[in-house]
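Read the structure below first, then the notes.
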Amino acid sequence: MPPAAVMIDTTPDFDFSPAHAAAAASAKGDSGDRTLLLAPPSIASREDRLTSLFSVYDRSSTDLQMLDRLAAGLVSLPAKTYDLILVLTDPDGSRRSEVSPLLSNREIWGKVVPALKAGGTLRSEDGSLGQGNSIEEKEAILAGLVLGDDGYTKPDYAEQEVVPLRFGAKKVNADGSVPLSFGKKAAAAPAPAPAPAPVSKGPAGVGFIDFSDDLDLDAEDDDDVIDEDTLLTEADLKRPIQQPPECAPQPGKKRRACKDCTCGLAERIAAEDKARREKAEKGLATLKLKSEDLSELDFTVQGKTGSCNSCYLGDAFRCADCPYIGLPAFKPGEQVKILNNTAQI
């Protein structure tokens with residue numbers, strides 16, 4: 001009888017690698033939350049601290065990474081894997097000063113945030129992440145996190161659905177023109193209300209939004225014209241116009257209205273100038289004298305006559321036989337001689 005075959009199991013009894021832990025969890029059907037622990041460099045030398053951590057967090061669903069190695073790009077994190085990322089600062093915050101410079105690096109946030117699941121949380125062990133540190137808070141917000149009561153949370157953006165919008169068709173006349181309505185519709189007799197349509201019940205827990213009433217765009221209703229006379233009441237019309245300070249006349253200067261005057265000063269000044277001009281034109285109208293108001297002006301000098309005793313000094317020569325006829329009046333003391341019936345002055 002041949003000897004029975006002997007099978008040797010070569011798998012390790014204790015394997016704490018992350019790949020083995022993930023495979024074991026999937027084999028067991030474990031769907032628990034995954035946690036990432038981010039530790040400062042000095043915590044690697046404290047074995048008791050690491051042991052106490054893994055006594056609290058399940059090693060099969062917890063990963064440990066060093067912040068300095070993550071900042072140097074020596075390790076990478078899987079995307080959308082962790083439900084909780086915990087920064088180890090000790091419960092009393094004794095390692096806070098060691099962690100803060102590393103969390104001020106934007107490259108670390110660019111690697112940590114994508115590793116969070118939607119709705120995942122990022123916080124520190126002492127609960128002071130982003131509290132009183134504007135640099136950490138700014139970097140967390142710029143990375144897309146939202147500050148909450150239990151640290152920073154990655155928003156869970158649900159899948160967006162496209163909702164088609166249907167607009168009501170405009171009414172068109174027979175000739176192809178669109179009717180316009182500039183007034184309110186006349187009140188028509190109320191039509192009997194239609195019977196309400198049966199409402200179909202949807203699945204439990206699912207809500208439906210009816211946009212038919214909100215988006216019922218009627219072109220005729222939107223074309224109503226507002227009467228601008230109804231915008232002001234009687235009290236508004238009787239209220240005095242408030243004159244701006246820049247329109248008030250300055251000492252020693254004439255009032256001048258602005259180019260775009262809206263307070264009424266330009267119209268008031270134009271009316272005053274027109275009234276002043278009409279008054280001046282009325283006062284400077286043409287003076288009309290009557291016949292009794294007119295008198296002949298005599299420029300002759302009485303008592304100073306010529307040799308003919310007909311013309312006075314300053315008088316024109318009018319006698320038909322006068323040798324000086326047609327000549328201007330002589331000046332006082334001027335001597336006139338006649339030569340060949342021609343006056344020699």
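Using N, Cα and C of the backbone, Cβ positions are placed for all residues, glycine too.
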If I go by Swiss-Prot, the feature motif 'Cx2C motif 1' sits on one of 116-119, 216-219, 260-263, 308-311. Which? 308-311
Motif 'Cx2C motif 2' per Swiss-Prot - which of 3-6, 23-26, 319-322: 319-322
From the Cα of Cys319 ([4Fe-4S] cluster binding site) across to the Cα of Cys263 ([2Fe-2S] cluster binding site), what is the distance in angstrom? 77
What counts of helix, strand and coil residues does DSSP assign across the region 'N-terminal SAM-like domain' (29-163)? 50 helix, 31 strand, 54 coil
